[in-house]
Amino acid sequence: MTGMPQTPLLDRVNFPSDLKEIDDRDLPELARELRDEMIDAVSKTGGHLGAGLGVVELTIAIHKVFNTPEDRLIFDVGHQCYPHKILTGRRDRIRTLRQEDGLSGFTRRAESEYDDFGAGHSSTSISAGLGMAVAAGLDGSDRKVIAVIGDGSMSAGMAFEALNNAGALDARLIVILNDNDMSIAPPTGAMSAYLARLASGRTYMGFRDFGKKLTAYLGKTIDRAITRAVTHARGYVTGGTLFEELGFYHIGPIDGHSFDHLLPVLRNVRDNQKGPVLIHVVTQKGKGYAPAEAAADKYHGVNKFDVITGAQAKAKPNAPSYTSVFAEALIQEATLDEKIIGVTAAMPNGTGLDKMAELFPSRTFDVGIAEQHAVTFAAGLAADGYKPFCALYSTFLQRGYDQLVHDVAIQSLPVRFPIDRAGFVGADGPTHAGSFDTTFLATLPGMVVMAAADEAELKHMVRTAAAYDEGPISFRYPRGEGVGVEMPARGEILQIGKGRIIKEGTKVALLSFGTRLAECLAAAEDLDAAGLSTTVADARFAKPLDLDLIRQLAAHHEVLVTIEEGSVGGFGAHVLHFMASAGLLDHGPKVRTLTLPDQWVEQAKPETMYANAGLDRAGIVSTVFNALGQRQAGVGFAG
């Protein structure tokens, strides 16, 4: 493939209604063109390629059979939504995916009327779809609701909560289980296609409906006999399943890359749906692009790449990543302490725990997309004397917050929480930003909340957490490379609740929590040059605060600025609360708090996002000058 792909069929499709004019026999060629278009686009932007390649035929079939956007279509997580975006009026912008001011990498209601529900986190589609199905019933509408969910997302309890509720309500909901687990072989041959058509057709569904109506007039004994007969007949077609027990009519598995399988089943379900239906579709992640099919991760998330070779463009790192530093430090501690356990929720590669699993497989647990379970599982380990490190992305820790409060914090169980992807994450936008962890953790009694200023500090915090047994403790760190500081052979145990002064001055104090420390030091150079002698301190802890350090900074400086990569209500708010309670604001310094802005910040390069938020060198300098009432060009969000 060289240059722009040739796509004569795809050129005829601007919106799903155009698919109605394309003959079924031409759909395989349309699928090939759609794959070529998506591969070319993602090669220029980077993104989640493998999932979208796996659902090309399924996406075409859904939009051809159903009447979107009147019929509702929800994609779980959203990694697989790129073909959907191309088919729904956004092809001309597909090469802006995940770029500043470009298309989101996920479905977004504000972006298109075809995006019925926003996504980013997993396992939400069935719940949202059920709500829409009930709304359709209340409206007296015949619109259909289709939720597409991957087999990985089915590991979350929320998906089963929704299935259970949908079955109990007998709702008119279509769930398509996109099974791309390569351990499950796709069905092949005419017989499986025939059985799927039979199972979804009028004959069997009518028989089942007749059986339900008949049992309403008969006694329990005959009722049970008829129910067994209907179930037995169903078993001849595809066999009983857990989904049947939950009240769903189950069809499949069927080949998700065969229009001969997909179209008749979807048409039957569209025309005959009585209650909740689950269609089990087997697909191959990365389908149609050899480098993706051959890769272990099926090109789940990729950088820009060469379409011919599949080689990804990766800049040579200047310093080790925070994730790799965490993983190596944890392995070092685990080698010395057999009580240390690693726990993650479907992100072993992303959190670095895959490295620990190679050395300590019996002490490393990937519990699937199940953050609630991960937190309480870790609490159980801690209750019996182990030292669990429950490593989660900041944005996903939100999903386990009740468990963190109820099962960990109230019981003062020493669960360690390494929090990756703290702060802005760039191209994945607001659904994946690590904005809120400091705010929701520091409010909990007995919680220790740390943030690493650089990769050496991260190593200290891993060892500190390993040694701390008094209760729960967390430490946050961002995505990407470290600063490039000299690394200790092993981390030191930090004194809980004590920060450090990096540079001493007399007029301005910059109190940093997290990796904005480097920007604070750069800002201090500019302030010193302007005659404003500046102190720079690293708080290390948002809870417990270093009260002596805050008193010292307040007593000896005219301006005190707190800087953090978190939302309003976090570190700066706790500093202000203490200062107000201690009377340090009565006649003390001018205090300013720099946080992430109180708005959903859209995708861009992280450095751009921080600059726009006023959390870079220029923004810090501007804040100081404004506090002093001196004129200085400002940088930051308006309003």
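Keep in mind that glycine also has a Cβ here, set from the backbone N, Cα and C atoms.
Record features (Swiss-Prot):
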type    : residues                                            : note
BINDING : H79, G120, H121, S122, G152, S153, N180, Y289, E371 : thiamine diphosphate binding site
BINDING : D151, N180                                          : Mg(2+) binding site
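For the thiamine diphosphate site listed in the record, the two most distant Cα atoms among H79, G120, H121, S122, G152, S153, N180, Y289, E371 lie 32 Å apart. Cα of N180 (thiamine diphosphate binding site) to Cα of D151 (Mg(2+) binding site): a distance of 7 Å. Taking the binding-site residues D151, E371 in turn, the residue surrounded by the fewest other Cβ atoms inside 10 Å of its Cβ turns out to be D151.
Counting other Cβ atoms within 10 Å of each Cβ, the binding-site residues H79, H121 show the lowest value at H121. Each of the binding-site residues G152, N180 was scored by the number of other CB atoms within 10 A of its CB, and the lowest score belongs to G152.
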